[in-house]
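Listed in TrEMBL for this protein:
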DOMAIN    322-423  domain 'Transglutaminase-like'
ACT_SITE  Cys330  active site
ACT_SITE  His397  active site
ACT_SITE  Asp420  active site
BINDING   Asn460, Asp462, Glu512, Glu517  Ca(2+) binding site
Amino acid sequence: MSFFSSFENFLDNLTDRFRHDLEVNRREDREIEIADELNDTANEVDSATPTPKVLSVDFQAKPNAVNHFCDKYEIVERQQAAIVLRRGGSFTIEVEFNLELELKKTHLVKLYFSFGQRPSAAKGTQAALQVSGKKLFDKNHEEWDVRVDGQNGKKITFEIQIPTDAPVGVWNPAVEVSLRANSDTTRHLHRSDTHVYILFNPWNKHDGTYMPDEEKRDEYVLADVGKIWVGNYPYPHGRPWVFGQFDDAVLPASVLLLEKSGVPPESRGDPIRVSRAISKMVNSNDDQGVIVGRWDGKYEDGKSPSSWSGSIKILEEYIKSKRPVRYGQCWVFAGVVNTVCRALGLPSRVVSNFASAHDTNFSLTIDEYVDEKGDEIDSSYRGATPGGLYDSIWNFHVWNDVWMIRPDLPQGYSGWQVIDATPQEASDGSYQCGPASHEAIRRGQMEYKYDVPFVLAEVNADVVHWQKDDKAQDGFKKLTTNKRSVGRQVLTKQAGPSGDKEDITLEYKPKEGTTAERVTLLTAARRTRAARHAFRLMSQGVDDVEFGLEDIEKVPIGEGFTVTLNCKNISEAKRTVSVVMNCTSMYYTGAPAYPIKRREGEIVLEVGETKNMTMEVTYGDYYEKLVEHAMVKNVAICTVAETSYAWVGDDGMEIQKPDIKIEILSEATAGLPLALRISFTNPLPITLRNCELEVDGPGILRPKTIPISNVGPSENMVHEMKVFPKKPKHCTIVVTFNSSQLYNLTGSTQVTINPAE
C-alpha cells in the first residue's frame, strides 16, 4: 500500500468518527440527525411536488486554491481532490440538484461544516448555514456566511465566507435540501468525501498570523526549500534543507500531529496553542512525536541526523511506521517544525544561534569549574557543584521563529516568537518551548509566557569561571566572568529566492557590551534567585596577566593547524605561568568526544613582556578522533604562581569539508528528462566506503537514496542521473553525501523548469 493510501485510510477513519459523533450528538446536531432519518421517507411525499435531492458537489479545488495562495499543495492535484483554503477568505462550490430550485419560494438549502470529534456551534467547530438567496455577504469576518453566486438550471454556485478565527485542520462538509412547505419530511442530506483543509491566513489583516510584507510571506510561508546555518562562529555555513510543505504527504501529517497533540479542536485556531503544540509533537519525548533525538554518534538502529536532506521523508516514515523516526538533532527538529508550520499556514523561519548556552538552573550563567590546580573539573563531577546540573555551550543551536499576534501579552510583544522542538528542558511538564516573544527576550522580561528565561540564557548568558575553594561559599570561589562568549551571532536565511544569511542578533538582544545589553541581563537576573547569587559575587582573581587564544581560520579536512596562546604581563613584577593546552574533538553540543593532543609548559614573563606558546596539531593527530560535524575545541588553562590566579580560555572550530557540486547538463523543460551531474573530490588519503547520496527536489523528484561505489583517495566522485520535471517551476535540488569515513557533505543548485513547447 502506498504512503498516501495508508494515510488516506487514516483520514477516512477520522472522518467516520466525525460522522459518528454527528449522528450521536443530538443536542448539537439535531437537524442533521433528523435529515438522515428522513432521507429514506423523502420519496413518499406527494408526487405532485417533486422531492429535491443533491446529486453532486463540485468544490472547485483548483480555482479556489489559486485564490487562497494554496495552488502549490500537491494534494489539490489528486484525482479525488481535497480542497485547501485559508481562513478569512471565501470559496465557491457548485451544487447540482435533481431539479431546478426556486430558493426564495419553494426550496430550502443548508450547508454544514463540522470540525473535530464533537462538533459544536457554541465552540466554533460547527457551522449550519441557511441559504437565503442573498447576493452579498452581510456578516462579521469572524462568522461563517453564504451567498448565491449564480444559478444555471439545476446547478447553483454558492460562495462561503470562512471566519478569520476558524480552527485549523480538516473540516467535513454536508449539503441539505428540502421543500419549504414540508421541510421535516423532505430533507435530503448529502455528505461529501472531500476533505476541506482550512489553514492560517497571513494574507488577511484580521488573522492572528497576518504578515503585511509580501516578500516575507513568500519566504516564510511559501518557500519550500531553504538553508539552515550550522558550523562554528565566525565561519558558519548554510546547509540546504527541503521543507517540502506542499508535498502530498506533509499537510495530512501536519493535521495528524495537531490531532495527537491534545489541543482541543476549538483551540486549534489559536497560533499560540498550535505553535506550542508543534514544538512538543516534533520530538518524541512526549506523546510519541515525530523524531527521536540522539547526540552520541550511535545511529546503527536508525539514520544519522546528518544524512537527512529534508522533512518529507521523515514525516512520511513517521506515518508509515506509526512510531518516532530515528534520529535527529537540533537542525532536523527545526527543519521539520518549519515544514509543519508553513504547511498549516503559520509564518516561520529557521534560526541558528552560534555559541548557544544551555542554562540548566535558570541562573543566566554558564558555570565552568576548575580545581585548586586550575585543571578543568569534568562534567561527572559538576553534579556536586552549585546548581547541581551540567551547563554547556553548544557550538550552534537551531530553533524556529513563528509570526503571530500575542493578545495575551502587552502591546508591542507581537511579531516573531521563538519555539524550539529540541528536547532540552521540560516546560509545564512536557518537552516543549515557546512561543517566547522576541521583545520579551530582548528586554529580559522573564515573567512573560512562554519560556523566556531559557531562551534569554541561550543568547545572552554570562560565562562564569569558578575555582574549588573549601573556604568559599558553596565550596567554590568566583574567578572571572566572560560577558561576550554566548550568542555570538544569530542567523536566519534572508528573504528571497537567492537570499544569503541574515544577521538577526539585534532582534534578540541589544548590542553586546552596551549599557542596554547589561541592563537586559541584570533586569532578568533580579527575577531569579540562582542568577542573583552569580551576579552579586565579585571575581576573586588578581588579574594582572592578560591571556588570549588566537582564533583559527578555516582548516580544510586533511590539513593541520596551530593552537597559539598569547600572554602579557601587565603587573610590576615577574610572573610565572603554568600552562596546560588541550585539543579535543567534540559534539556540536559542547560535550567532549575524544582527546586529540595535550601540551604542558611554563612561561616566565618579565615586567611588560609578551610571550606565546604553540601546539601543532596534524591531520594524523585528529582524523580518527573526529565525530559528527568535525568540531574541535582548543582549551588553555593558565595558573599564575605568584597570585594563584587561574585563567581558562577556549576556541571552538570546525574542520571544513568539501561542498558537493551539482551541474545541470540539459535544458530544463517540463515533461522532458533533465540530466544532472553530482561531484566532489575526496580530500582524504583513504578510500570512502558504504557511500550514499540523498537527492531531493520538490517539483522535480521526491527524496531518493542512491548507493554509489567506493571513492578512492583524492579521487573525484562523479554520479550522473536523470530526473523528470512535470510542471514549469523555479525549484532547488539538494544533495547530501555520507560514507563510513566522510559524512555530512551537502550541496544545492537552483533550476528553472520551462514550459513545454
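Placed from the backbone N, Cα and C atoms, the Cβ positions cover glycine too.
Structure with TrEMBL features highlighted.
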{"residue": "Cys330", "record": "active site", "CB count, 10 Å": "27"}
{"residue": "His397", "record": "active site", "CB count, 10 Å": "27"}
{"residue": "Asp420", "record": "active site", "CB count, 10 Å": "30"}
{"residue": "Asn460", "record": "Ca(2+) binding site", "CB count, 10 Å": "24"}
{"residue": "Asp462", "record": "Ca(2+) binding site", "CB count, 10 Å": "23"}
{"residue": "Glu512", "record": "Ca(2+) binding site", "CB count, 10 Å": "16"}
{"residue": "Glu517", "record": "Ca(2+) binding site", "CB count, 10 Å": "18"}
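Straight-line distance linking the Cα atoms of Glu517 (Ca(2+) binding site) and His397 (active site), rounded to a whole number, equals 21 Å. Using CA atoms as reference points, the active-site residues Cys330, His397, Asp420 were checked against Asp462 (Ca(2+) binding site), and the closest is His397.
Here the candidates are the recorded positions Cys330, Asp420, Asn460, Glu512. The one whose C-alpha lies nearest to that of His397 (active site) is Cys330. Of all the recorded positions listed here (Cys330, Asn460, Glu512), Cys330 has the Cα closest to the Cα of Asp420 (active site).
On the 0 to 100 pLDDT scale, the domain 'Transglutaminase-like' (322-423) averages 84 in the predicted structure. Glu512 (Ca(2+) binding site) sits 25 Å from Cys330 (active site), counting Cα to Cα. Spacing of Asn460 (Ca(2+) binding site) relative to Cys330 (active site) is 19 Å (Cα to Cα, whole number).
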